[in-house]
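Reviewing the structure listed below.
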């Protein structure tokens with residue numbers, strides 16, 4: 001992996017402390033290295049590795065992952081089977097943030113327009 005990037009299972013990772021929106025962070029990752037994107041996480045071990053990197057780099061360990069709009073395929077239905085013909089959703093897309101605490105790691109959704117740190121990943 002290049003200087004300042006860390007290797008894990010054939011991929012290179014780097015946590016950035018700059019605060020960016022999800023879209024700006026994704027663009028920033030893309031510009032860093034060929035194939036680089038916001039990180040996807042595929043196992044508890046990979047999550048722990050990224051969490052350790054974040055703990056070493058960030059004061060507040062909250063960062064964008066590559067997951068966005070996780071519910072866009074969701075089909076909403078009324079419990080009484082009535083037709084969904086009226087909606088007043090707040091039309092804000094959501095993206096995934098990973099938070100690292102001393103005793104656990106968790107993900108939550110956050111408005112993509114918010115600014116947080118982020119982690120990039122590419123296949124080496």
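Just so you know, glycine gets a Cβ as well, placed from its N, Cα and C.
Listed in Swiss-Prot:
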{"type": "DISULFID", "residues": "1-12", "note": "disulfide bond"}
{"type": "DISULFID", "residues": "29-120", "note": "disulfide bond"}
{"type": "DISULFID", "residues": "95-112", "note": "disulfide bond"}
{"type": "DOMAIN", "residues": "8-121", "note": "domain 'C-type lectin'"}
Q. Near residue 120 (disulfide bond), meaning Cα within 10 Å, which of 1, 12, 95, 112 (disulfide-bonded residues)?
A. 12
Q: Report, in whole Å, the straight Cα-to-Cα distance of residue 1 (disulfide bond) from residue 29 (disulfide bond).
A: 15
Q: For residue 12 (disulfide bond) and residue 95 (disulfide bond), determine the Cα separation and express it in whole Å.
A: 22
Q: Could you state the whole-number distance in Å separating the C-alpha atoms of residue 95 (disulfide bond) and residue 1 (disulfide bond)?
A: 27
**Q.** Number of Cβ atoms other than its own within 10 Å, given for residue 95 (disulfide bond)
**A.** 24
